[in-house]
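Have a look at the structure below, then the notes.
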Amino acid sequence: MNTNIVILGTQWGDEGKGKIVDFLSSNSSYVVRYHGGHNAGHTLVVNGKKIILHLIPSGLLYPNVIGIISNGVVISPFELVKEIRMLEKNNHFINERLFISESAPLILPYHIAIDLAREKQLGINAIGTTGRGIGPAYEDKVARRALRVGDLKNTQKLSTKLKVIVDYYNHQLVSFYKQNPISYKEILKDLLKVKDLIYNMIKDTSAILHKAIEDKKRIIFEGAQGTLLDIDHGTYPYVTSSNSTTGGIITGTGVGPKNLGYILGITKAYTTRVGKGPFPTELFDDIDSYLSKKGQEFGSTTGRKRRTGWLDGVALRYSVKINSLSALCITKLDVLDDLKEIKICTSYKDVNTKKIYKDFPIFNLEDVTPVYEVHPGWMKKTSGIKKIEDLPKAACNYINRIEEIAQVPIDIISTGPDRSDTILLKSLFF
């Protein structure tokens, strides 16, 4: 039995973390977002109704759960308020159950303006950011000039700090990028409006979590993006601006490593990626079209079509090691139901030297091609199955092979978008 569970992505994001957090949250006391911003979209389907969350922890759809947005997250206060109101329209009232770290940096309009201006200037060499200001907000944090959530509590200090930062960014926007300046007065006015709505949520969230651990409360740490987008361990420079690996939890919450507990990596039964960057198993054929359509592979934040490919076992092993994973959860198994054969990449071959890579060559991904195993498809419906014994034999063989390649057990299998479409192979909180 585990007190705390970490849930993080093993690929390039979009693995289905939100559903699994939602599935496990009914038996937890806290759900914690520890990095990223509103560039991540977690899609939940409850009783057939779809809800997309970008900042608010997924577990808050349960009335007994307390949500924490910790210091590692960069927060747009305007997007946060929009999300709170969206949930209220869906009869989820969370104002007294959501706490926001006073140390979390704010994302403000000048971050978005500079993000878009940089991408425009880079042209075909653009990174492909979501344009939400995430990277510039993290830059401000590291440069020690960020406005933080706690600054909203003191209007005089807020206005003084804001003026300095707006002047700094307007100089770049006007002089270098030839863009229109951002209005200091408009930002301040808008901040003062939202301040009152979230004022009582602003807390020392590290202290809340330390007390929860002392009281042996159950905590879920909810990751955003995926391991291969980690700023240090991902496919740089086509990465996010935070640590999406296990290490990001420690710095992003103030919770020490011995209290993390069980670390669950989420992986699709195939692979997807949004935006630019290397993708060894990427497909450009009818299978790509099939996966996109059957898997509804369009970004919940940007609406962009996701690139699709076969499951990459080399990258998966890398994620297992980087994160010290306890186990895996396989999602979207049902998407593969109609395929006659299914491939798994087990190694890479360098197109120049012909060298075979069994481990993830982080610096050489542009120069490799996948080496595949071919497995028979099951050609039977698996969607909605809730017991492992009801899966087709070929599907079970596919799952067993993934376990062998990853060298960790698969404890959860998702067979559809609803929280009930889940096979639990090991007791976690239950």
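Every residue gets a Cβ built from N, Cα and C, even glycine.
Feature annotation from Swiss-Prot assigns active site, proton acceptor to Asp14; the stated evidence is sequence analysis. Under the heading active site, proton donor, Swiss-Prot lists His42, citing sequence analysis as support. Feature annotation from Swiss-Prot assigns GTP binding site to 13-19, 41-43, Arg306, 332-334, 414-416. Swiss-Prot lists Asp14, Glu15, Gly16, Lys17, Asn39, Ala40, Gly41, His42, Thr130, Arg144, Gln225, Thr240, Arg304 with the feature IMP binding site. Residues annotated as Mg(2+) binding site in Swiss-Prot, with sequence analysis given as evidence: Asp14, Gly41. Feature annotation from Swiss-Prot assigns substrate binding site to Ser300, Thr301, Thr302, Gly303, Arg304, Lys305, Arg306.
What Swiss-Prot annotates, mapped onto the structure for a quick look.
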{"residue": "Lys19", "record": "GTP binding site", "Cβ contacts under 8 Å, 6 or more apart": "Thr43, Leu44, Val45, Ser58, Thr331, Ser414, Pro417, Arg419"}
{"residue": "Gln225", "record": "IMP binding site", "Cβ contacts under 8 Å, 6 or more apart": "Gly9, Trp12, Gly13, Gly36, Asn39, Ala40, Thr240, Ser242, Ser244"}
{"residue": "Gly303", "record": "substrate binding site", "Cβ contacts under 8 Å, 6 or more apart": "none"}
{"residue": "Arg306", "record": "substrate binding site", "Cβ contacts under 8 Å, 6 or more apart": "Asp14, Thr272, Arg273, Val274, Ser292, Glu297, Phe298, Gly299"}
{"residue": "Thr415", "record": "GTP binding site", "Cβ contacts under 8 Å, 6 or more apart": "Leu333, Asp334, Thr382, Ser383, Gly384, Ile385, Lys386, Asp421, Thr422, Ile423"}
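Rounded to a whole number, the C-alpha distance linking the residue listed as 'active site, proton donor' with Thr130 (IMP binding site) is 15 angstrom.
In this structure, the CA atom of Gly41 (IMP binding site) is 10 Å away from the CA atom of Gly16 (GTP binding site).
Here Arg304 (IMP binding site) comes close to Val274, Gly275, Phe298: these same-chain residues lie at least six apart in sequence, with C-beta atoms under 8 angstroms from its C-beta.
A distance of 19 Å separates the Cα atom of Thr130 (IMP binding site) from that of Gly16 (GTP binding site). Cβ neighbour counts within 10 Å, taken over all protein chains shown, single out Asn39 as the most crowded of the binding-site residues Asn39, Thr43, Thr130. Separating the Cα atoms of Lys305 (substrate binding site) and Gly16 (GTP binding site) is a whole-number distance of 16 Å. A simple Cβ count within 10 Å picks out one of the recorded positions His42, Lys305 as the most packed, and that one is His42. Long-range C-beta contacts of Gly16 (GTP binding site), restricted to its own chain and to partners at least six residues apart, with a cutoff below 8 Å, comprise Ile266, Lys268, Cys329, Thr331, Lys332, Ser414. When the record's IMP-binding residues Asp14, Glu15, Gly16, Lys17, Asn39, Ala40, Gly41, His42, Thr130, Arg144, Gln225, Thr240, Arg304 are compared pairwise by CA position, the greatest distance found is 34 Å. The binding-site residues considered are Gly13, Gly41; of these, Gly41 has the fewest other C-beta atoms within 10 angstroms of its C-beta.
In the shown protein chains, 29 other C-beta atoms lie within 10 A of the C-beta of the residue listed as 'active site, proton acceptor'.
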